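**Student:** Got a structure here, written out as structure tokens. Questions coming.
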Amino acid sequence: MRLKDRVAIVTGAGRGIGEATAIKFAREGAKVIVADVNREDVDRTVSVITEGGGEVVGMIVDVTDLGQVEKMVSDTAEHFGSVDIVVNNAGITADAQLIKMEEAQWDRVIDVNLKGVFNVAQAAAKQMKEQQSGVILNASSVVGLYGNFGQTNYAATKWGVIGMTKTWAKELGRFGIRVNAVAPGFIMTPMVEKMPEKVLEMMKGKSPLGVLGQPEDIANAYTFLASDEARYITGTVLSVDGGVVL
Ligand code: NAI
């Protein structure tokens, strides 16, 4: 029980990595807020946690909407008494090569992956400052570190997340708040499953381990970084990518 009685908000927790993280956190004793735009997915994750005996509340929240985000944080603090951990996991892709990318594709990805992370972190940091403790974890990506064909917008946001992570680690450390990022490689979730089979095979081949990652691999990294085992780790980016970049 590495997160016993901690209160954790996981955005985009309806499916994929967020879902696995919310379930893992609950197993580790955390009280979890499952936040997502998709009600069916929220309900499913909430049922899995409830059936496992965990404490959980589902919230329909669009991270691009500051009002909804502030309400999520204040409702959480009111319901559970604190906000100890936030995982900024919600993220989207809208791929196109530079020359073909439309303005709407650029704007939407920036809105969710950058502004959404900013909104949630800002609202949570205000609460955590009052508590004089907290952990903020952000979803970056191997694509943020190294770029990727057809992902100008996504790469910009995932590199931007690293800049925000390091900045917030510097600003918030004095309030007892740690801030870190995780950079997953290619993980089998609905986001990646929509990629062409040929690309997935290529990604598999690039890892010395010869396999793609599973959502639980990232959930495990978030659990470590959220726990007291990581109490002296802040401002870092933990790559969990099966060595695809080697
Ligand atoms: P996914 O597409 O399977 O799940 C993302 C979840 O975020 C969905 O449930 C979706 O409804 C939710 N979401 C989207 N927009 C939202 C918004 N405005 N407000 C609240 N929730 C919203 O994605 P996956 O693969 O689980 O990825 C999770 C995070 O990890 C993302 O930030 C992604 O960029 C990052 N990541 C994923 C990798 C992968 O290989 N799957 C690799 C590197 C990073």
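Even glycines carry a Cβ here, placed using N, Cα and C.
Because TrEMBL annotations are produced automatically, they should be read as predictions rather than curated entries.
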**Student:** Looking at the NADP(+) binding annotation from TrEMBL, with GLY12, ALA13, GLY14, ARG15, TYR154, ALA155, ALA156, THR157, LYS158, ILE187 already listed, which candidate in ASN88, ASN89 is the matching residue?
**Tutor:** ASN89
**Student:** Can you tell me the three-state DSSP label for THR157 (NADP(+) binding site)?
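**Tutor:** Its secondary structure by DSSP: helix.
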**Student:** Which chain-mates of ASN89 (NADP(+) binding site) that are at least 6 residues away have a CB under 8 A from its CB, listed by sequence?
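**Tutor:** Correct list: VAL10, THR11, GLY12, ALA13, ILE17, GLY18, THR21, ALA139.
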**Student:** From the Cα of TYR154 (active site, proton acceptor) across to the Cα of GLY14 (NADP(+) binding site), what is the distance in angstrom?
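**Tutor:** The Cα atom of GLY14 (NADP(+) binding site) is 21 Å away from the Cα atom of TYR154 (active site, proton acceptor).
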